[in-house]
Every structure is written in structure tokens, then in C-alpha cells.
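Copied over from TrEMBL, here are the features:
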- 115-135: transmembrane segment (TRANSMEM)
- 155-173: transmembrane segment (TRANSMEM)
- 185-205: transmembrane segment (TRANSMEM)
- 211-228: transmembrane segment (TRANSMEM)
- 240-258: transmembrane segment (TRANSMEM)
- 264-287: transmembrane segment (TRANSMEM)
- 294-321: transmembrane segment (TRANSMEM)
- 327-346: transmembrane segment (TRANSMEM)
- 394-412: transmembrane segment (TRANSMEM)
- 441-461: transmembrane segment (TRANSMEM)
- 468-494: transmembrane segment (TRANSMEM)
Amino acid sequence: MARLATFRASRAGNDSLTEEQDALLSRAESAVAAGNSSEIAAVKDLCISTFGMAGCAALAGVENGSCDGGTENLLQKQRLYSRDQMAKRPICTCTGLREIIVSEKCFCMYRRRNCVFTVDLALNVLLFAVPLAHLLLAPFSKVEESFTLQAAHDVLVYGTPTGGAAAALAASYDHFVFPGAVPRTFVGAVVLAALSQPLIAVAGFARAQMLVRGVLGALNALSLLVFRRRLDAAFGKATGRWWVVLVVSQFHLMFYLSRTLPNMFSFGLTTLAAAFLLPQATPALAFARQKQALLLLVFSAVVFRAETALLLGATCLQLLIRRRATLARLVPLLAGLSLGALLLSVPVDSYFWQRGGLLWPELAGFYYNVVRGSASAWGTSPWHYYFSSALPRLLLNPLALPLAACALWWPATSRPAADLVAPPLLFVAVYSLQPHKEARFVFYAVPALTAAAALGANYVYTRRAKSLFYRLVAAALPLSVLASLAASLAMLLVSSLNYPGGDAVAQLFQLTQQQQQHHHHHHHLATTPPHDTLSIHADVLTCMTGLTLFGQNPHGLPLAHGPPPPSLVVAAAPPLLLFDKTEDEATMARPDFWTRFDYVLTEDPGKITSGQWRSVGVVQGYDGIELLRPGAAAAGDADDMDVEANPQVASLQPPLLGRGLCVRNVRRFVRSLTGGWYAGPRMAPRIHIMQQVTAQSRPSKEATA
């Protein structure tokens, strides 16, 4: 009775006790006072699902797998007496009862506790392993991720000069050549460079891009782990487990966790903030966590993504409505936190951008995208897009939204579910007024919405024996998770085929290294000029679909300062590839433009207007899904090039390289097993690797024999 009274007082003091929960606690107190063991067993399930393990602790004197009071001393003696005693069911003494045999749902039993620990550890590992698998299978990046990735490269290679910073940065850093439409913050790039530098020193600069992205993915996965642990404490471990399996089966979230978008820096901060706003053990701790959550939200809005200010506003509104904060306290607190974030962002970004004054990138981005409406140039969507398309795709599991809705409806879970979903849904609703919409803009809502779905899943699963409806939904839950995992895997495999530029660069490095080795061993059959440095032109599609500074500079050389000395080239295992990214049509139309390149990566070989060229390979990209019947020809199986339309091209059938070759081999293998049937990704030529034909690069008869 004493623990129940203490638990009731702590909940009431935290203003988180609904009428239904109060009635449930009254029922538990009556059962304990009467010593009615059957009633206690019935109430225990409701307390666990409603209050988590804290409710079980209040009812049975059990918390986190250990017993209370004198019973703990008894159990300690049992453990010291004999190892075999650990496997036996201990007796748990509760206030108002002589003895209760601990049920299977009580975590006192040693063997069960070990089993539960193993399951929880495996689920925690999944939060890191699944994003890592997405990174390994899709290691390349697209243009929207490029700013932070290029900035991290420049910080690692060129450092942060102090004397003559303006001239040094302008001569070295990529953002002075490709500044983008609006300035972006360097804070994230500096943090990633600092954290990944020791790893790069051990693994080598050739793996730098993977390590930088891996660090970001690990930080975001850590924020998910913190959220899961807070869910465990607030609503019970079963709810936390359902949340993990729902989250790791969501393709988009796992795919983007390691991608260097400003949204993904904000995602980790907003997820931690949501975790800190979950119910806490004491009012004092809840107050401290509330301030930390507001700090994270303010930092996210000021430094990384201005739209998270809407999420901050929605969170503050909820705190005011729930009487967990007052306006008189929030206003000065938010003002102070905002000033602190500005004191970090403005000096750092003013230094790196060197625009002759103070610079606040997120303010410039807000003015450009919202005030001027320039974001609409990238496309617009209807007002309901986030609710009708983006959020269902992000959650992926078909039962996630219905379970969240049920959690809001059922009295036992309505209050905590409403606290979870109200701020993110209000944020999404207000943000829907912005015409330009992308799913990644509302990633911040996913953890909380998934938590509401996990509340509903746990509520149903613990009551699966009570009615046919609960039994059917409980049976469908694991099947829906498996289906989501299968769909997520399929989408990952397809998405990994969307980076032909990165694939082409990787294949070009492999080709030139092979040809260089062939020249050293058989110089009379050389198929490439015996140069240690090769000049490459990359077109727009190549740059947009995977070419990065990390990719073109695997040795970490200061290439922005011009060709390095021969000693560095030899040390870096030649040939060294120097990339040109000229986009100006007038410049590329000059007859002498193309003759200075050894290789060209291009979507359209017909744009090469001078010199003699031959295709040494073609890289394909994803072009939809195809269903092939027996005897039907697959797209891309014969990638012929029209020489009459492109007279400078000397090869009719360039070899297929990279992931397109893998898809073709898999397709042929599947068709050999199915009698010619195939359903899978259709590939189409995207990037042609063109080599300039010279006297030295023209294959001899012996070489082609």
C-alpha cells in the first residue's frame, strides 16, 4: 500500500494521472488491502501496460527485475547459498500479502531475466546494424547531400587556416567554387570531421566517405537508442521492443540516418528532445529533462533546419496546455538558448564563408525558401501530401497508423499517446502550408508516431487472449513487421542502383589502375598513356549522382592547389585522376576543350565535339521494374552505340560495368532457373566512360587478339 501511495503521489505531482489511471490504482489498492491474489494478478497486467514496469513495481514491489525490501535480502541469501537456487522461482513478499508466487511476467526469475537481457541487447544492436547495412549497400550520395560531405572533406584535407584565412579558404574549399543557392552551416561538417579523423587515420583516407557517413549514422542511431530506453522506463520494455522492430523495418529512416543532409543533423537532436520529454521518475528530473529538450530543439532550429522552430513551438504549446511550464519561464529560457546557439553558428559560419560580415545561414535559407518562395521552383505538392503520402510511406508498416489511432482511442493509452503525437502532428500540419514538400522534411515526426503505434501494439498483444479482435491483430503484427522488412530490403536494393555517377567513378579508378598495371608489365601492349596523372571531365549527371571530393580524391591529397608533386603521386599509387566539372555550354563547345582530357564521364557521348574517342565501359542506373516472359529480351542486354550518330566513338559495344553488370548476371541466373521468367529492376545506360584515342592508347593487334 505504501508503494502504491508513493507511486500515485509521484504521478499526480507530475500532472500525468488520468481519471482512468486513477481508477486503476484505486482498484489495485483495494486488491492489495483485501489480499485478493486473483484480483492482483488481473490488475497487474493492466498496470504494466498502462504504467510500464513502474506500475508493476508499485503493485508487487518489483522493479527492474529485483524484489523490494526484506525479500531482496532473502533472495541475496539464496543466490549466495547455491548457484542452482538462481534458477528456482523466488518468493516475492508484498505489503498486505503473505506471499505471492512470481508469475512468468515478473522479471525476478534469473533465467528469464537473462533471456530478456539478450533480446533487448539484440534489439539495441539492430538500431546500429540496420543503418550500417544500408550504408554499405548504398555507399554513394546525391547532390542534395554534397555540401556537408564536401565541407567535411575540405576540413580534413586543408584544415582551418588562421593567418590569411580568406585567401586560404578561397583557394582550397569547394564551396567557393560551388556555393549553392543559399549558404549552409559548417557546424555539422566540423563535428563529423573531428569525430571521424581518428578513424580515418587508422583505416585510411580511401574509406573516409564511409567513415564520415558512418559517424553520422552512429550518432543518429544513438539518439534512437536513448529514445528506446526512455520508452522502456515510461511505458515498459514490451512497448520499447515493439518500437524497435517497427523502426528498424522502416526503409526511409534507416536509409537516411547516415546521409549528410541538414535534416539528419536535426533528426538526432529532435529525437533526443522527444526522449527527454517522455514521463520521468520524479518532477525534478522531468523539469531538468524539459530544459534539455528545449535546448536541443532551439539548437536544431537555429543551426541546422529552421523549420524545426515549428516543432519547438508545438512542443512549447503542449507544455503550456499540460501545465508543465509557464509562459513567464519559457520566454526568457528560449531567448537565452537562442542567443547561445547563435553565438556558435554565426562565428563558425562567418569564418568559413568569408562574406565580409556576420552570417547566419539558416536565416538566409529561411528568407530564400519561405519569404521569397524560391523553394517552389523545385516542385510543389498538395497541402495533404505529408498526411496522405509521406507519413504512411515513412512509417511503412500498414498497421502503424491504425495502431497509433487506436492508442489515442483506448482510455488506458489515450493520454500518453496524445502527448507523443500532438507536437509532431501539429508541426506537420503547419508545415504543410509550405508548397514545396519532401518526405525528409518531416522525419522528425517518425519516432514519436512510431512510439504511439508501439503503445497500441503492446496493448493489443497483452490482451490477445481476451477477444477475437485482439487475437487477430496480435497475429497480424509479426506478419506486418516481416512484410515491412521484406519491402524495406527490396527498396534498399533498388535505391542502391540510383547512383550511376558514383559507380562510374569507382569503375574508372579500377579501369585506370588495371591499365596502368598492364602497361608496367606489358608496355608494348599498353592501352593507356603511360602518365601518372590523368585528366577527367565529369558531366552534370555524374556530379549529381555520386561524384564527391572523397570519391575523386581517395588519397587525401590537396588537389585544389593544383597537380601535386611527382613524389606524392608515386606515393599515392598512380595513376592520379584530376577531375574537371565544367558546366558552361559555351566553354564546352570550344574545339580545344575536349582534347585536354584523357577520359570523359558523360550521359551523352554526342556532346563530345572534338577528338577521337572510344567507349571503354557504360554504367547503368535504375529505370523501373520489368516483368520478362520466356523469350523476351531484357532492356540493356545489348547496349549498342550508334557510331554514325557519334562518329568520334570507335567502339560499337562497350562493356557493361558496375552494378548494371551485377543486375544483368542476376537476371540471367534467375531466368535460367525459371525457364525465362523474371521480375526485377530494369536498367538503362546512364554514364558512358569515354577514353580519348591517341597513338599510345590505340589497341594493337596483339592486344586485341
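Cβ coordinates come from backbone N, Cα and C, glycine included.
Across the candidate stretches 155-173, 294-321, 468-494, the maximum count of CB pairs under 8 A to the transmembrane segment (240-258) is reached by 468-494. For the transmembrane segment (327-346), the partner stretch with the most Cβ pairs below 8 Å, chosen from 115-135, 264-287, 294-321, 441-461, 468-494, is 294-321. When Cβ-Cβ distances under 8 Å to the transmembrane segment (115-135) are tallied for each of 185-205, 211-228, 468-494, the top count falls to 211-228.
Below 8 angstroms of C-beta separation, residues 185, 187-188, 262-263, 265-266, 269-270, 272-273, 276-277, 327, 330, 333-334, 337-338, 341-342, 344-345, 362-363, 365-366, 370, 419, 422-424, 426-427, 430-431, 434, 441, 444 of the same chain, each at least six residues beyond the ends of the transmembrane segment (294-321), sit close to that stretch.
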